[in-house]
Amino acid sequence: MTSRISYSKPSRENRKRMLGMTIITVLTFFIKAVFLVMGVNECSSHTEVLRLFQPNMGMASVVIVLAACSAAVSLYYLHSRKQTDFYESLPIKRATLFRLVVQNSLFIFLIPLVIEEAIEFVIAQQQISGGGWEIVSSSLWYLLIFAATWLTMALAMIMTGNIIVGILGFGVFASYFPIVIYNIFPIYAGSFFATYSGNTADNVYNNITSYLSPVWVGLRGMADINSGRETQIKYMMILLLWIVGLYVLCRTLYNKRPAESAGRAMAFTKANTVIKVLLVIPSALYSGIIFYSLGNARYIFWLIFGVVFGVFVIHALIECIYEFDVRAIFCHKKQLIVIMLGSLFIMASFSADLFGYDRYIPKASRVDSIEIKPLGVNSYGYWGKGEERSGLNGEEKQLALSVIKESVEVKNNAETSSSEYYEKNSKFLFFSSVSKKEVMRGDIEISTTFYMKNGNRKVRNYILRSQKAKELYNKLYATREFKKNIYSLYTRDYNDIKEITWSGIETEYLNLTKEEKKQFFDTYLSELDGLSYTDVQKTVPVGNIDISIGGTMGSENAIQDTYYIYPSFKKTLAFLAQKGCAVNQTIDNLDISSIGVEGYDGNTGENIRYGITDKKRINKLKKKLVLQQMENVPGITVINGNMDIQVNYKNKNGENSIYCYSICTDDELQQLLKE
């Protein structure tokens, strides 16, 4: 009898304390039900109604707030010496007391949830005679997110002795790995590694940190809610593992928590140093990159200063929080020095590339294949991605590896040294002006994916110096396998293409049958096979075709690709001419009445404007013009977009105009304009 009375008393006290949360929770689900009914009445289709019953990010965020508040209210007594003494005086085991608190919080959330979801089920059956999976998954999602968040907040409350510190602790547990740690590598790598690609698909570090917060896993699940049931189940299982692990950890720490820790910053003082290190180092690294950016990302001095400043400030702040005393800012000087050295070492591993990230080139024996794509993939028709390619192997792989290696080691070349490129780029001139990379005329920047024989993959961006780039591309561009890795049209289903337009001097929409579409693209690709890299570099296309995949152009789900048509593509041009496209109409044979030029003169610092009507000057200038849509043509590096050039011409429809760029430098263009 004593045990039952002892158990009921803390249970009753807990329910009293949770009365406010009970009212808020019931009110939340009532409002959710009201909004659902209002939404259903406004829906005009089965799909729209079904979407209302799916779990969503907005409600998940509300559940996270409810769970965090519920845990804080349930375990607030741990931060009060008076209430802690009361619960410690009861003849009841700590483990039982913790289970009681968890049960009460769970039931307060679960009962309104079940009632509200039952109402949703009735509405769903009346409106669409379905939605069962959506309602069940919604209930499971919200329950799992609530439990995971509640236990995360409970862990923060158990490990601390002050409510403010507990709330800060929850913020750290929820965001430390998926936000704080996750972003350090890409920020520093993007600032200091010339070969960093920004591709995280192959980055184990980034992939793991995304799952090291149960709250974040729940939010990721909501973000990917439309990815299919398998993805949802994966996230649910991860959350379930987190819930089990957190429950065991919370219960263990709850049993070991010193009763006298109420009112202190931290309940477990032995963990203070570890927590301090985990907080100070990343904070100092962020401080360093902020100061570095404020210094226009040019001088390493500001990076070092920022890291040192960050260590001092954050270390002092944490010591003050630990001790609740401003005088504690000078405590633990040895720890401060060790943390500072560790922070500077991590910083230097990026700024000085201590581990050779930019020097990394895998051994040929470990590489299965290589995929090479020029950066600026939109101009290479890659957004509308076809089937995944395995990349280059055999002789092409060996050639690519050797050229990449020579380009990476070109800093020892006298010609490159004379360009002062590597003097600017050296990571070891610690206080010098630093530029991550500099692309010179004729260079090609490529994204390279190494598919390793062990199943891993590495992604790097390399700058191939002019002569080596030509050597590699002249050989690779002649192979269809290489072009398949660049032009997605080779490997995708033509039926996915919803719209096709021709863009030259004028734009025409192509309305093709399924058979005509196949004939057209087969013809285009057969002529693309014969295109050499020399042609790409030296020939300006006649025009281009834009294709829309997955929807009409400009629609929300559409992906647009651009493919250029060169003068040598006789069969493709003949097909387009049959369809009414003015393929023979070029800048050279237009009846131009005037040319207007506007832009910024870099020499004088003034805006300039010219109007040209003289036929001789027009004929001389038009030979240096290309259509503006040719700006991103792969291989052509001499297009100058600093000046906007409007060409006014006459045709059967009257006066028309097109916009062009020049294929000469600013000085050359100025000379032409002044003649």
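The chain as shown is numbered from 1 upward.
Cβ coordinates are placed from backbone N, Cα and C, and glycine is handled just like the others.
Per TrEMBL, the features are as follows:
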| type | residues | note |
| --- | --- | --- |
| DOMAIN | 451-550 | domain 'DUF6449' |
| TRANSMEM | 21-38 | transmembrane segment |
| TRANSMEM | 58-77 | transmembrane segment |
| TRANSMEM | 97-115 | transmembrane segment |
| TRANSMEM | 135-156 | transmembrane segment |
| TRANSMEM | 163-185 | transmembrane segment |
| TRANSMEM | 235-254 | transmembrane segment |
| TRANSMEM | 274-294 | transmembrane segment |
| TRANSMEM | 300-324 | transmembrane segment |
| TRANSMEM | 336-357 | transmembrane segment |
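Non-local neighbours of the transmembrane segment (235-254) in the same chain are 94-95, 98-99, 102, 140-141, 144-145, 147-148, 151-152, 154-155, 158-159, 211, 214, 217-218, 220-221, 224, 268; each lies 6+ residues outside the stretch with a CB under 8 Å from one of its CB atoms. Within the model, the domain 'DUF6449' (451-550) carries an average pLDDT of 85. For the transmembrane segment (300-324), same-chain residues at least 6 beyond its ends with a Cβ under 8 Å from one of its own Cβ atoms are 165, 265-266, 272, 275-276, 279-280, 283-292, 294, 330-332, 335-336, 339-340, 343-344, 347, 351, 430-432, 434. Counting residues of the domain 'DUF6449' (451-550) by DSSP class, helix then strand then coil, yields 44 helix, 28 strand, 28 coil. Proximity of distant same-chain residues to the transmembrane segment (274-294), defined by a Cβ-Cβ separation under 8 Å and at least 6 residues beyond the stretch ends, is recorded for 172, 176, 180-181, 184, 187-188, 191, 266, 300, 302-311, 313-315, 318-319, 322, 335, 339-340, 342-343, 346-347.
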